[in-house]
């Protein structure tokens, strides 16, 4: 909240200024100060202004105009102070502090863009390196196949066991009876350091005590700390001390940093964004940064508000300005409303509130974001470029993409599953050519062009109730992704009923066999799929309806023409599926599980947790990895693990992989989290 100096006006030379007791007049007595307001610079009289003379008033006007021009046009803040006293020094410090803040904050965007550039270089370097490995190893596989075929005795059928080393077929009388020992798998020092560092980054600490708040992995925590450290630097650098005597300067800095972060806040929260293509991170992964940045902005708003209240308490209240009149000022009240919008937005975004009132969260999130932007625009002129950019991101994401580019209506069949608490939503349609094109990869498309494994859609069911017309809920697509050249798509969703929308949809399905869905999507990242394609041992650990993540992944890996960097023929696939009831196996069917097993997938389905309790998922994961490593003729194989289930299970599997990495295994893990 920032004010102009027109709340106080001097009576005459040599007397103290008097407080306006009538209604607030529009920006008098100083027209130049009014100009400063229009240009986004809202300086204050220091408390020493109580004894200002007309000459000192002129000095203040010159100081304010110079500071305004310096912050807006880049001129030098050179102010000639006729009085060489303490008051002039305080005015100079105020002007220099505010001018420095307005210039310094411009470098914040360059700093953030540099960080994004580094992540972009790292991501594309990894992507191109993987492609080179795949091409090189495909050539090696072809050469080995030719050698193996030529060395096989024509009177015998070719062996179908691709896990045997090709050298076995070449053995003759001249070969030693005892094969030579395998190459040493002891990693070098640099590799050991890298894998132990990777293990530490993968580890996920326990939940915070008392509040039981879920903690992210060390890697994610470090990324959040990097963003927070950068913001702390920009919030505190070159702030004059003591803070209490320079309340306006540090409060103004907090406001500038708040608006400088607004475009990034809305960009990280958008579902259609360039950061996904640049860095490889999906909306779900960037959404965590969106939430942490939003919390930081709420803190900056509190700092700015406290600073402005301190200015009122020390400088305006002694002059007789009441708090109500202060807050009702035309510049201040929009800031008060914007502050209320963003703080309310924070509290309605807490995980507990989202779980209990998800529909309220959805509605309030959109409305409060729009209202907050509008009142920030009215409150602070210098914020308007940032507000307009943020509004552009918001409108393009919500209107252009979600309502036009990625929106599609389909007629879907509804079927209540055997357990009575799960709903199967099915639809099919003819595919529109364009999946896989550069235009589709850049901007995305609706589900009419298909989707990729692990992607999700937001669904709206207008037939449920009027309030559901404006609600969209995310669900992972459980059916296999259409292959290139396929002309028809079969679309399935597995929806577990809880409260709110899912419960209403389940009850609706008991009396209606079909309905019209509006689909918004698909959204998601191919990071987990690419990781598994690059792995010699690929394990999927799934809990409950997380099978919607596993089945499309397995189907794609089994039908891909090429995959792993060390040879698709030697890759081992494993599935661990934890279910609460035996009836949950019907979500994809026993026939589908048998089909996957016949195609070479190692499947482990422990006894239902309702009867046998929770299994030791960590031991199951470690055991399956060890067994599958013994089936491939590769030293130091790449191991990829994807886990999708409740938070507790995700943490156990993640930390099991971290322990294996600490022991020296070449292992990566990707977590697909439930919820939103």
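Cβ from N, Cα, C; glycine included.
Whatever TrEMBL says is automated annotation, not expert-curated.
Just so it is clear, the model here is predicted, and its values are computed rather than measured.
Going by TrEMBL, these are the annotated features:
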COMPBIAS  147-158  compositional bias 'Polar residues'
DOMAIN    383-529  domain 'FAD-binding FR-type'
REGION    141-162  region 'Disordered'
TRANSMEM  105-126  transmembrane segment
TRANSMEM  222-241  transmembrane segment
TRANSMEM  247-268  transmembrane segment
TRANSMEM  296-315  transmembrane segment
TRANSMEM  327-348  transmembrane segment
TRANSMEM  360-380  transmembrane segment
Quick check for me: are there 3+ Cβ pairs below 8 Å between the transmembrane segment (360-380) and the transmembrane segment (105-126), leaving out pairs under 6 residues apart?
no
By Cβ distance under 8 Å, which residues at least 6 away from the ends of the transmembrane segment (222-241) in the same chain are close to it?
93, 97, 100, 104-105, 108, 111-112, 115, 201, 216, 249-250, 253-254, 257, 260-261, 288-289, 292-293, 296, 300, 303
Could you give the mean pLDDT over the domain 'FAD-binding FR-type' (383-529), rounded to a whole number?
86
